[in-house]
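As recorded in TrEMBL, the features of this protein are as follows:
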REGION    1-22  region 'Disordered'
TRANSMEM  110-136  transmembrane segment
TRANSMEM  156-175  transmembrane segment
TRANSMEM  302-326  transmembrane segment
TRANSMEM  347-371  transmembrane segment
TRANSMEM  426-443  transmembrane segment
ACT_SITE  HIS440  active site
TRANSMEM  450-469  transmembrane segment
TRANSMEM  475-496  transmembrane segment
Amino acid sequence: MVSETKLKQRKNSDQLDPPKRLNESTWKDISELTKQDIIRTMESNINENFDRMLNRIVVEASTSQTDLEWMLERTKDKRVSEGRELPEKVFMHRESLLTGLLRISHIRAVYNMFAAILFLIAAETVISDFLDIGSFRKKYHVEMFTWVFGKFGHTSAIWISMQLNTLALFGYFNLWAQYRSGSTRPTLFDLVALTSYIVYQASHNKLAFMTFYGWLVFYLELPPGSSIMLGMELSRIMMKSHAFVRSNIPKAFYKTASVKSTDGSKMSSGSDCPKFSHFLYFLFAPTLVYRDQYPRTDKIRWSFVLSNAVQFLLCVFYTYFILFRFCFTKFENFAARPLSISETLQFILNCMLPGGMLMYLAFFSFLHSWLNMFAELMTFGDRLFYKDWWNSRSFSTYYRTWNVVVHDWLYTYIYLDVANWSKKRTLATTLVFAVSAIMHEFILCMTFKFFYPVLLVLFGGAGFLLVFFKTRNRFWNLSFFANMCLGLGIEIALYASEWYARKHCPPIYPDHFWLDLTIPRSLFCNMTAANNQ
């Protein structure tokens, strides 16, 4: 009876006020639809604005560097300290530019395209050799690769000797710092120590550091791959040794007073020589500017280490295949006949494309992958190993942003010292370019076992003059890349021709080592071939 009564009451209610129930249902549906439309509109606006922001970042990355405030803030690594006109190096926690840029899908797509092109070049070379039955390259790749990085035992022994020699420098410096007098002026003991240090770094005596190891590479006839590794390691150790000594000399001169070192930090009495642990960490940290302390990360990301190691090894393989595909096969019969000017020019033009590709591989393999791998292993927090050099519109910007690690050393220990002492920044710039060009040529001389100053002329001559030419026009970014490819094409063509000339042609002065080392054999080799015809 109760249920029947409720049904009658509900029926009567519906009959009495049907428009009211209809309006409630309609408004409920309308409000739900409106709510969904608002949510969809908000989601669409948020996604659109976020995509617009990302696109703006990508677009602005190709504009003037001065307009990129976000990039400048992340790459600002020098600040003016108290009492100095020129800024000094500042370390802080930050990642490499490509590490952040590769999180953007557009940049990642460009990375994938380059990787696919390089993979196809390597695959084409390997497949062609397997299909070409009877070719001399059947086992050529394996034999060539093992030869390039051969004599591993000699290379390892020399590398270990370099490290031990460098560790001895710490004891030598500590001994000098502890036993010198408390005078703030140089004494006879200081002059003797300075002379010994100069001999250690660059004397022509075979017992000296630079000359001894350079001579050892020649004497053992190490192959190019092993030689260039030792040449770069020798340069790294020499720069680190000078950075350590130069940064800590003020500590020894001002034992009894609070003093500022080149790192801008105050040191109190008794801190005349840093701890050995500081020196050892600096020896393997991916920086050439000495500090007692660096920004450090909390842990090692082993997946990050592995990915960078794989990228580095792949770049090494791709470098070999590019050299083989575009250079080895073109120069292997060099000196069989005289070359005309048009053929030489054609060689240079043919080497421009591989030269540009090798530049990108060298940048990505060493300045990004290798240094990031070591930074992660050493928990080194400041990963600013390069800046946005690809936006360069002048060579002065390129030199400052291509290799920040070396640039910081040149700036801190040569440019600042010379500029503050002489008050002439042009002189400081000239010395920076001279030291950089000589060290680059020294590494190539160790690698190829001959002195052919192509890089010295292009980099120390034309490159130095172009530093003073500055512009903001976007056209010059295109011109910059074209000039870089042209310069690299000239270097590859001339160095390769000299390499194969020394392989196929007899020495001009067989009894004079220095004359045979410095006189280009490729020029006289062509003359000999012409006379024989």
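Each residue's number is its place along the chain shown, starting with 1.
Glycine too: its Cβ is placed from the backbone N, Cα and C atoms.
Automated prediction, rather than curation, is the source of TrEMBL annotations.
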Long-range environment of the transmembrane segment (450-469) - Cβ separation under 8 angstroms, sequence gap at least 6: 394-396, 399, 429-430, 433-434, 436-438, 440-441, 444, 487, 490-491, 494-495, 498-499, 502, 517-518, 520-521
Simplified to three states, DSSP reports the residue listed as 'active site' as helix
Which residues, given as numbers and ranges, are at least 6 beyond the ends of the transmembrane segment (347-371) yet have a Cβ under 8 Å from it? 96, 98, 114, 118, 286, 308-309, 311-312, 315-316, 318-319, 322-323, 325-327, 330-331, 339, 383, 385-386, 389, 402-403, 405, 481, 484-493, 496-497
Neighbour tally for HIS440 (active site), based on other Cβ positions within 10 Å of its Cβ: 17
